[in-house]
Amino acid sequence: MAFVKKEITHARPAPLSERSVIGWMHKHLFSSFYNSILTIVTLYIIYITTKGLWVWGIADAVWIAESRRECFDISIDGACWAGVIAWMDNIFYGRYPKDELWRVNVGILLLIVWMLPLWLPRVKGKIFIAITLISFYPFLANYIFLGGESSFFSQFMVSAAIVSFVVIMLNAIIGVIQGQSISTFIATRLGSSLKSEKSQRNLNLALLIITFIIAFLWQQSWVLGEVPWTKWGGLFLTLVISGIGIATALPGGIILALGRRSKLPVIKVLSTTFIEVFRSVPLITVLFMATTMFPLFLPEGFVLNKLAQVIIAVCLFNAAYMAETVRGGLQTIPKGQYEGAHTIGLGYWGTMGLIVMPQALKNMIPNIVGNFISILKGTTLVSIIGLFDILGMLSSVSRDLSWIGLHKEPLLFGAMIFFILCALMSKYSRHLEAKLSTNRKT
Amino acid sequence: MFFSINEYQREIIVVANDSNTKSQRIKPKEKFNFFHDERVRGIFYQLLTVVIIGCFFWYLISNTAHNLELRGMNSGFGFLNVAAGFDPGFKLISYTPGIGTYGRIFLIGILNTLYVSFLAIIACTVLGFFIGILRLSNNWLISKVALTFIEIFRNTPLLIQLIFWYVGVFSILPQIKNSLDLSAGAEVVLLNNRGLYTAWPVPGEQFWITGVAFMAALICVYLLKKWANKHQDKTGKRVAVLLPSLAILLILPGLVFLLTGSPLSWDIPKIEGFNFVGGASLPPAFIALLVALVVYGAAHMAEIVRAGIQSINKGQNDAALAIGLRQNKALRLIIIPQAMPAIIPPMISLWLSTVKNSSLAVAIGYSDIVSLFMQTSLNQAGYAIEIVAMTMGFYMFVSLIISGLLNIYNKKVQLVER
């Protein structure tokens, strides 16, 4: 009576119709009669479009030419990328002097290197990195990009930026190698000579002051030639405006959102009015307002340049939008979190800063990054009021005598740059969201 | 509140101490500290804010008054009655340069903005819904095509798209002599670099009877639909309504139209000299703006629809298929009605941003309110403060109305949900 099988029967593999390419195609492309027709028609449309784009943009395109006429001579229906290539420097840097372009590159490189330790898991003291970045880097960047004579305050801030940059770099190197912060590293190196915390702090302070003095003296030894803001342009100017917009939107938005949820009626009404006014009008009207009305607001003889007007307008406008995003995040936090924070004795700022805001901002990461993307896209509007940002440069190509009427190629190139920047941002936001998510995976 | 609890607890401790060790007494601290009271601090902070903001505005206003005086600029709204010397281009109401006033220019700008936004909102909602559903199609290829469309148009600035449509597509259309004929040889819909020209119906004297017949047909359809619903409630059987309704809508007005002797003629565009005369025309800037707004809005709308539909539990679709509904009916009768509360609020925000985005018209010279009023009128007449305030006021008014709509909808949905 050996009808019972002793060993376990292994599961058979799924049928071929489920796992093969043909199975997949049957399921996803040809599941019904109409679906099959749809697939074939779509394939044909894709083929036509791709072929057209390929022939126009690559196969028949002209890459090397001196003028648009020459492009036409070589190929009549192809794209004339030569014009874009000839204007490449202008598209990226505007009319920044050719010999000084390294300054823009150095400034942007410094920013990237400064932010790099934020992504290294072993590095300690990331809050310090972020704070110095926000408080000192703008002065350093301003000095590098603008140059010229600088005031004592500006020199002071530039030196502070240099010192914090050096400290952060050392900290990052020690962090990667040893997994320690720089102050513990110094303390352990010096060993028993520093017993109390106080003497250790004094030593750190002394080291900082010495580096600061060295940096201050060193930065006085060189002077950068002045490049007035009117020469700034291209992608560089777009990044400057949107970078400042992004950096101020989040803090501004947090303050406004807290104001709107405040229990104090005056503060609540003021914040709500600010938010609603700026959210209900288009950015272009705010920009026009800035350029026509700021000169009237300011005292006689005090002239604010157009770039500053635009930056102020962009900051105000985007802070209002960010405030609504942050408020949305605050609304997702249940009441129990506030009560729990009160129970352990935290006051208003403690509750907000340590308990509520981190959760609210984390919940809103996709929306916050979405906001950043719209700030970047919205910055193109400054070309309407006469700044030569990337779009201003792209449209100038068609006004250049040798490339007259060349519209499509530069615009497509610009669209591509924006597409890449925006796609990178949203990709990073998805990564950040997954990394910070505290939901337990089931 | 916490203050009082602490006081209360401290008194309990004091009492306990009293009963145990009589020699030691802990003095309770003073109950009311003026500077640590929450209400006092609240009032102080608010007063401080009011004073700071007040000073700031006073500073701005005094500067402005001084600057206006210095530059000899006038203020006040009297300029609205002054004749403006420029031609606004595209307009929906009549205007003669040199006679029409700035007030009328303001009106033309408002109408132009509302006109293009209205058309763009309708088209982008419909197109966006369609693309959003395609995005969720179980056909892999279709879904990926929809995704590509959405990603390309959402991740590039609207202004670049707009200028691309304008200078890259609608400005390089053929000259008037070689107009593209969109009506396949009938020469009634023509597209060229001066814009879109179409034949336009001119109603005759008795055309109003057809209009009345159409209204009557609409009422019939409404009654039919009502009767069909009642019938379904009573007997459980569905009566087909769509085809009979269409038939009523077509046949009744059509018959009346023919019986009254076809009182409708077409005004067909004809080349006269260097331009078309007759018919209706739209300038290339208008078409470019409309197309850009529709495509950009549709990409966003598609994302809204996708998110709304995906927020519905998958079990709803499975259950709908299990009771024998086809996929398209499951979508129409089960999924979309439930997804609507998640779709409509962001959709209304999208409408609002479409109205705001139409202000980019200034970049391509379509005469919307910003380009007519905030740019041309401001440059010609001055009166910066008044003009900026009026333009912003218009947008605030529109946004007030649209958020009012949203509030009404939210209240309605909440009532249904209980």
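Yeah, the Cβs are placed from backbone N, Cα and C, and that goes for glycine too.
Feature annotation from TrEMBL assigns transmembrane segment to A:29-47 (among others).
Away from its own ends, the transmembrane segment (A:101-120) comes close to residues 89, 93, 126, 129-130, 133, 137, 140-141, 144-145, 147, 165, 168-169, 171-172, 175-176, 224, 227, 236, 239 of its chain (Cβ-Cβ under 8 Å, at least six residues beyond either end). If you look up TrEMBL, you'll see A:101-120 (among others) marked as transmembrane segment.
Summarising the annotation, TrEMBL assigns transmembrane segment to A:127-146 (among others). Within its own chain, the transmembrane segment (A:127-146) has Cβ neighbours under 8 Å at 103-104, 106-107, 110-111, 114-115, 117-118, 154, 157-158, 160-162, 164-165, 168, 224, 226-229, 232, 240, 244, 247, counting only residues six or more beyond its boundaries.
Per TrEMBL, transmembrane segment is recorded for A:152-177 (among others). Nonlocal intrachain contacts for the transmembrane segment (A:152-177), taken as residues 6+ away from its ends with a CB within less than 8 angstroms of a stretch CB, comprise 110, 113-114, 116-117, 120, 122-125, 128-129, 132, 136-137, 139-140, 142-143, 185, 208, 211-212, 215-216, 218-220.
For A:203-223 (among others), the entry in TrEMBL reads transmembrane segment. The list of residues near the transmembrane segment (A:203-223) in space but at least 6 beyond its ends in sequence, with Cβ under 8 angstroms from a Cβ of it, reads 147-149, 155-156, 158-160, 162-163, 166-167, 183, 186, 190, 194.
Per TrEMBL, the feature transmembrane segment maps to A:235-259 (among others). Sequence-distant contacts of the transmembrane segment (A:235-259) (same chain, six or more residues past either end, CB-CB distance under 8 Å): 91-94, 96, 104, 108, 134, 138, 145, 267-268, 270-271, 274-275, 307, 310-311, 314-316, 318-327, 330, 352, 357, 368, 371-372, 375-376, 378-380, 382, 387-391, 417.
According to TrEMBL, the domain 'ABC transmembrane type-1' annotation covers A:235-429.
Panel annotation: around the transmembrane segment (A:280-298), residues 304, 306, 309-310, 312-314, 316-317, 378, 381-382, 384-385 of the same chain, lying at least six beyond its termini, place a Cβ under 8 Å from a Cβ of the stretch. Look at TrEMBL and you will find A:280-298 (among others) tagged as transmembrane segment.
Residues or ranges marked as transmembrane segment in TrEMBL: A:368-391 (among others). Within its own chain, the transmembrane segment (A:368-391) is flanked in space by residues 91, 94-95, 232-235, 237-238, 241-242, 245-246, 249-250, 283-284, 287-288, 291, 306-307, 310, 314, 318, 321-322, 325-326, 361, 414, 417-418, 421-422, 425-426, 428-429, 432, which lie at least six positions past its ends and keep a Cβ under 8 Å from the stretch.
For the transmembrane segment (A:411-428), the residues of the chain that approach it from at least six positions outside its boundaries are 84, 91, 235, 369-370, 372-373, 376-377, 390-391, 394-395, judged by C-beta separation under 8 angstroms. Per TrEMBL, the feature transmembrane segment maps to A:411-428 (among others).
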